[in-house]
Amino acid sequence: MKRSGRRSLSDGPVIQREAIQVLKELKSSLANPGPVLPFLALVAATGFWGSSFLTVAEALSDTDPFTLVFLRFALGTLVLAVILRKTLRSIPLRTWKMGAVSGLVIYGSYLFNCAGLMTTMSSMAGFLTALYVPITPFLFWLIAGKRPDIFAFLGSGTAFLGLVLLADPFALSPETGLGEWMIILSAFLSALEIILMGRFAPFCRAAEICFTQLFFVSLYSGAGSLAAHWTMPSLTPTVLSTGLILAVLWLATILSCAQFLLAWGQKFVTPAQAAVIFSLESVFAAIIGWLAGERLGFWGFAGGGLIVAGILLTEWKRLLSSK
């Protein structure tokens, strides 16, 4: 008698063995994914970053930068705490110390970026924030005494020219363009964060340092928010609107997702390749800003293109050596 295509209860052990085999194959593919999946993971993380500029700008109509940074990181910390609940107690004290130091830098970076977005278009903010890539080798030279190569000089010069076209920094003053200067300061702090992580990462697990960073940023931003509201009563009052709630949920979600994608993807991608992928952040921000109706104009896009070109030049030598 011919059996039907449906499986009976007696096939249970067979189904179980097949499920175990599928899980083994999935685990093997994640351990040895080839070049495509890590690339897509980092592109997705970069896309999350780029999408956050416009979301932050919209959320600031219902709250202030101090509160928004706190809400974003506090919720992100809770998400990671649930995911890592079985390993939180085993995090070494050294990792907590590293998280406290790097978390302070991250807090400053996000705070200045968020404050700058109050008066700066999200598309322009995306390009300015991407300056951390050419800034990083020079800041490392200042801190560690290691001189950048010719590609770093060429890349930084190209990026600076793009900055002139994009933001006209020589025309800025404390009264005009303060938002742009805040975002540039945020880029410097992001470069410092990269240098610190270069020192810390070899001594701790990615998921654990990620959680401790978010935890301490939540503490710093919570204290900063209380102090800001105590000393600056003119801050935008927080209105728990549907838009703000959705924005915070989205920002916290992409914060957690991006960190996990980076922790996994960078295991299989060289630093040079990762830096080139990260330069897409400004492109994503510009595209999303354009879709939302923002217009940079010809010189704005030309300046943004030069910034991206400067980023690529900065990493060109390492990109060639990684092939």
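In case you wondered, yes, glycine gets a Cβ from its N, Cα and C as well.
Copied over from TrEMBL:
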TRANSMEM  36-54  transmembrane segment
DOMAIN    40-166  domain 'EamA'
TRANSMEM  66-84  transmembrane segment
TRANSMEM  96-118  transmembrane segment
TRANSMEM  124-143  transmembrane segment
TRANSMEM  150-172  transmembrane segment
TRANSMEM  178-197  transmembrane segment
DOMAIN    178-314  domain 'EamA'
TRANSMEM  209-232  transmembrane segment
TRANSMEM  238-262  transmembrane segment
TRANSMEM  274-292  transmembrane segment
TRANSMEM  298-316  transmembrane segment
With contact taken as 3 or more Cβ pairs under 8 angstroms (pairs 6 or more apart in sequence), are the transmembrane segment (66-84) and the transmembrane segment (209-232) in contact? yes
Paired segments the transmembrane segment (178-197) and the transmembrane segment (36-54) in contact, 3+ CB pairs under 8 A: no
Give me the stretch from 36-54, 96-118, 124-143, 209-232 with the greatest number of Cβ pairs under 8 Å to the transmembrane segment (238-262). 36-54
What average pLDDT does the predicted model assign to the domain 'EamA' (40-166)? 82
Can you tell me how the residues of the domain 'EamA' (40-166) break down into helix, strand and coil by DSSP? 104 helix, 0 strand, 23 coil
Residue counts (helix, strand, coil, in that order) that DSSP gives for the domain 'EamA' (178-314): 113 helix, 0 strand, 24 coil
